[in-house]
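What Swiss-Prot says about this one:
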BINDING   Asp9, Lys31, 57-66, Ser114, 166-176, 187-188  substrate binding site
ACT_SITE  Lys59  active site, proton donor
Amino acid sequence: MKQLILALDVMDGEKAMEIAKKVAEHVDRIKVNYPLVLSAGVGIMKRLSEIKPVIADFKIADVPYTSSLIARIAFENSAESVIVHGFVGSDTLREVCRVAEEFGGKVYAVTELSSPGGEEFMSAVSLKIVEKAKEAGCHGLIAPSTRIERLREIRKAAGDMEILCPGIGAQKGSIEAVKYADGIIVGRGIYASGNPAEEARKLRRVLKI
């Protein structure tokens, strides 16, 4: 079953909780990033996890030991899964997956960013990242809805790995991404609207998920 994932990139913990409660019946998971965690504290993930499963989008990108510590902090604070940059290489990917396994969590590797800059360096190696992520034991991938031709190639290489796609909404990603993705990540299009719950409901209908 395909999922709608809220990227909750606000910088106020109470506002985040308010939005999460409003949209809870219309989204499947909540993705948090540095803006919220750095402003509200890492404990906000525990609070949000009482509403919906939380993806810690820390885009982990360091040496294996440091990356393992970041992953551990996320899982100890009730994250269901973490996001790691795929370009860090096999050793870091394996170490993050090892920590995830301790907690029964998931790891998603970024293949390429959905922003235009993602094409400058990452597109050239994204299929190699898919290969390394598979070998390391990652559960899934992050791939762009903003470049459908790239998403098609990543889907083909990924096989049955789960793919989550950001970029629909503010970044003008294509709704065609739904064909290739297991989850669609939407942020500003939901939380910055006048009625987040209604916007999330409409998105589910439009995307047929």
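Cβ coordinates come from backbone N, Cα and C, glycine included.
Note that this is a predicted model, so its numbers are computed, not measured.
Other C-beta atoms found within 10 angstroms of the C-beta of Ser114 (substrate binding site) number 24, with every protein chain shown included. Cβ neighbour count for Asp9 (substrate binding site) (all protein chains, 10 Å cutoff from its Cβ): 17.
For Gly173 (substrate binding site), the number of other Cβ atoms no farther than 10 Å from its own Cβ, over all displayed protein chains, is 22. Lys59 (substrate binding site) counts 19 other C-beta atoms within 10 Å of its own C-beta, drawing on all protein chains shown.
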